[in-house]
Amino acid sequence: AGRSASTLADALVLQCLHAAPPACSDSCKQGHPSPGLCGVYCVPVTRMPHLNSMFHLSRKVTSVVPESCLLILLGLGLGGIVLAVAKKPKYQLEPNMFFLFLLPPIVLDSGYFMPSRLFFDNIGAILTYAVVGTLWNSFTTGTALWGLHQAGLMADPGVEAGLMDFLLFGSLISAVDPVAVLAVFEEVHVNETLFIIVFGESLLNDAVTVVLYKVFNSFVELGPAHIHATDYVKGVASFFLVSLGGTAVGLLFAFLLALITRFTKRVRIIEPLFVFLLAYVAYLAAEMVSLSAILAVTFCGICCKKYVEANISQKSRTTVKYTMKTLASSSETIIFMFLGMSAVDTSKWTWDTALVLGTLFFILLFRAVGVVLQTYVLNRFRLIPLDRIDQVVMSYGGLRGAVAFALVILLDKAKVKAKDYFVATTIVVVFFTVIVQGLTIKPLVTWLKVKRSDHHKPTLNEELHEHAFDHILAAVEDIVGHHGYHYWRDKWEQFDKKYLSQLLMRKSAYKLRDEIWDVYYKLNIRDAISFVDQGGHVLSAAKLALPSMPSRTSMSESSVTNLLRESGSGACLDLQVIDTVRSRRDKEDAAMHHVLRGSLYKPRRRYKASYSRHFISPDKQERQDKEIFRQNMKRRLETFKSTKHNVCSSKTKARLKEKGRKKGNHPPYTPCVAAAPVLVTVSSDEEESDSSETEREDDEGIVFIARATDEVLQGKATPGSLDVCPSPCIIPPSPTLAEKELPWKGDQADLAVYVSSETTKIVPVDMQKAWNQSISSLESIASPPGIETGAQHRRFTRPMLEKQPQSASQATPEQVSRFQFPSHISKSSRSKSDSSPEGVEQQELQPLMGTEEQGRGLPPAEHRRLVDR
Amino acid sequence: SGAKPISHSQITRLYSRFTSLDKGENGTLSREDFQRIPELAINPLGDRIINAFFSEGEDQVNFRGFMRTLAHFRPIEDNEKSKDQNGPEPLNSRSNKLHFAFRLYDLDKDDKISRDELLQVLRMMVGVNISDEQLGSIADRTIQEADQDGDCAISFAEFVKVLEKVDVEQKMSIRFLH
């Protein structure tokens, strides 16, 4: 069903795109999508060859040129057009817009999807590069530029700037930009350690940049004469305050967010909203009190993820993921486009060759020197040292981006005289790093043979054994008495498990919280999805072959329950859980299940057209399909009823009943019987119930004997009665107790029979024909007095049904397949063993009636009868 | 041991740790000495790791044996990878690290991780809320994933194969033991 629904959705989407013939939508509504689909799928193939080639071309281009470069160039082009048309530059990258709206989504995305284990494994290196590296870069670049200025190499006399101005400029130009780094490095696919170091640095250096920028900015505004020694101390102190404060704000909101999502069970639809809202509030709150907002969002994202993901529903998880990615890439696109467009505005900047070239040279030089120096120190402490190649990539990957640009735009022209020069230089630096370095880094990485990341799907073994490694290392650290990284990580995990997770996770989520189990669960889900995708609509246990388990067939598990358990329990289908504990409650649940199932398919029921903002109603298409199905069923029932009213007066009914009882003596008619597996339930003791029953019929639809009661089949079945059935009977493996009691148990055979057809279309004519056939066959049967009760009919009904698909009699196979009810219906009717002729009414009266009463303890008065016999 | 000799200061440090663990002051460590380490008591694999220090049938380990076991966790030096091609394989080689982990699973020392052995480790490592059935299916699946010869057990070769993409050199090394 899921598959056809998705293809339907595809069809609709494609139809919208390509304006397929309107016939398609009709055919979709009527529930046979295949012709429409074919048409629709043909359209794009035939009509859009040029588009295809364009896609191929663009793929070639983007494989060489990073997206960010293309966007900047596109922005330049657009800016040029705007300039040419409007005669004056419009549309700037406004710092406010950038910091308030464009930057947060990107940072949140990178924080939330940060591989936290990797991040914390390398936190030492990341922090060093972020803090020491950025400080080093700012001071050296600023001082060197000042030296260049002092040496009189800057020809343009307009560059009026002192040491403080250059340091200010150095601080804003030296920070590696997360947006630019992410845009380029995501396409390069270097190994994950290298990536996390460069990227983590670019995220965390924000605090340093912001603090340095603010400190120097205030120094410049104060003027060099008014700076006291205490101001320097304040500057240093504010660095710690801003970075640690920002982190604290992030942690606080991460905690809040996790706590909130713990209680959103009833408002699933706004779960994703909370994630975005609180992360953004964290950003704003940090920004408001002048703390590092980027750090706040980063740590909010990193820390909340574990708990949020455990709390929110699967759909919310998907929503969060895709919304976040969409927002981030939209922001990124806008930023780079606007960078390009802003550069066109010549009124904002003034060129000075010495400054531009000097800055370019210095940032490259000092970045490289800084990286080498720091790596030299770091390698003394690192388990896996960073080699030369890594250092080259790290130096070269120091891309500058929109943060620098926004900061330089924010400068006050009145205070910083050389602002225009700085703007020009920043633009050049950003363009150079993004375009030139971005273009060349990929060939460089290939040329240097940098270790690439190999993305492979996690396997259970890796997860399990890596866990074991962690424990082993923690133990060895304990033994050698060295409180190293593994020791603290172990401590943290225990703390997290004991207190934090318990506080921040839903009880249900916390219970099932285990990484190994998670991987197992995910693998199983993936298997299930790919299984369905491969067209495995026959979910019979026998055919269940999971793609990621190559050796499955070779396994010695022939037992069906075993297979069922493996396929079922992994996906948490409750099969196993219920198998083990069969308490009173389960029985009640089972009874409730019957009630629900029994009352589900009422032909006259309509869905209520309701709208709720906070609850997603079932998919419209799905409801439509159901409704169509019901309508069809109803129509069929009309014809069915009219035929029945004609033929079956109460007298004929009584006769039929007897014939039905006698049925076993007339093997030649079994094929016909098989044609209509419809049972009308009759209470044999009261004649007047006939009329009421026919009325009820309208409401209830058809009562199927999908399968006879298993008890009867096994318990009472005598060889003679089974011989009645002429064709080879397939007796399914004996079901367990649970299979009898619980409707969702043991449906292997059911599925194999009933879910075998794809079409759900119902053709009333066939039904009528079959009905007439069976009626006429019944008329022709002599009616000796039958003593047998319904039990025996039930006994062979099932074998009949089983062999139906193979029987060559007229219209039988289609008949059955058209009667393909969702398996739960047939299941429920089977496990109820059709014991409740009063159907829904009875069930409503006795909602919690035990399954035994329903299943085995049939009131003797209630007899079942095959109408068509 | 074939590996680069541990620095003198390192040996001194480890020896002082060894003596501080050695409550009986007889130059050897017993299982009880190890079990006195508080953190080991809560480590799910603690007992297994303690056992790994003791060779077959012994219940005491001297400093040499202590160091020999710890040597498994030394990081692999760049220059160690290339040299010593024909010499004995150092204890901290990838294969030896893996073998150390493998032996933690393989209780009966038949060079195979059977389903039962895997289940025992899983039971120790996985939270109590996972039911036995679920654990069983995890174990089944783990074995199926790794099993190549269809004996429903994981041999050492299969163990190595299934972890071939894991950076064992890094994940089974401790910087301190450099």
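For all residues, glycine too, the Cβ spot is worked out from N, Cα and C.
Just so you know, TrEMBL annotations never went through curation; they're auto-generated.
Predicted, not measured: the structure shown is a model, and the values here were computed from it.
As annotated by TrEMBL, domain 'Cation/H+ exchanger transmembrane' applies to A:58-447. According to TrEMBL, the feature transmembrane segment maps to A:64-85, A:97-114, A:126-146, A:166-185, A:194-216, A:236-260, A:267-285, A:353-373, A:393-411, A:423-445. The feature region 'Disordered' is assigned by TrEMBL to A:800-869. The compositional bias 'Polar residues' annotation in TrEMBL covers A:804-820.
Note on the transmembrane segment (A:393-411): residues 92-95, 98-99, 102-103, 129, 168-169, 172-173, 175-181, 184-185, 190, 194, 197-198, 206, 209, 213, 217, 335-336, 339, 342, 348, 363-364, 367-368, 371-372, 375, 386, 419, 422-423, 426-427, 429-430, 433-434, 437-438, 440-441, 444-445, 448, 450 of its chain, located 6 or more positions outside it, place their CB under 8 angstroms from a CB of the stretch.
Long-range neighbours of the transmembrane segment (A:267-285) within the same chain, counting only residues 6 or more positions beyond its ends whose Cβ lies under 8 Å from a Cβ of the stretch, are 100, 104, 107-108, 112, 249-250, 252-254, 256-257, 260-261, 293, 296-297, 300-301, 304, 308, 311-313, 315-316, 319-320, 323-324, 613-616. Distant neighbours of the transmembrane segment (A:166-185): 66-68, 103, 106-107, 110, 134, 137-143, 145-146, 149, 195, 198-199, 201-203, 205-206, 208-209, 212-213, 216-217, 219-220, 294, 332, 335-336, 359, 363, 366, 397-404, 407-408, 411, 416, 418, 422, 425-426, 429-430, 433-434, 437-438, 441; these residues of the same chain sit at least 6 beyond its ends, with a Cβ under 8 Å from one of its Cβ atoms. Counting same-chain residues at least six beyond the ends of the transmembrane segment (A:126-146), those with a Cβ under 8 angstroms from any Cβ of the stretch are 119, 161-163, 166-171, 173-176, 196-197, 200-201, 203-205, 207-209, 212, 355, 358-359, 362-363, 366-367, 369-371, 373-374, 377-378, 394.
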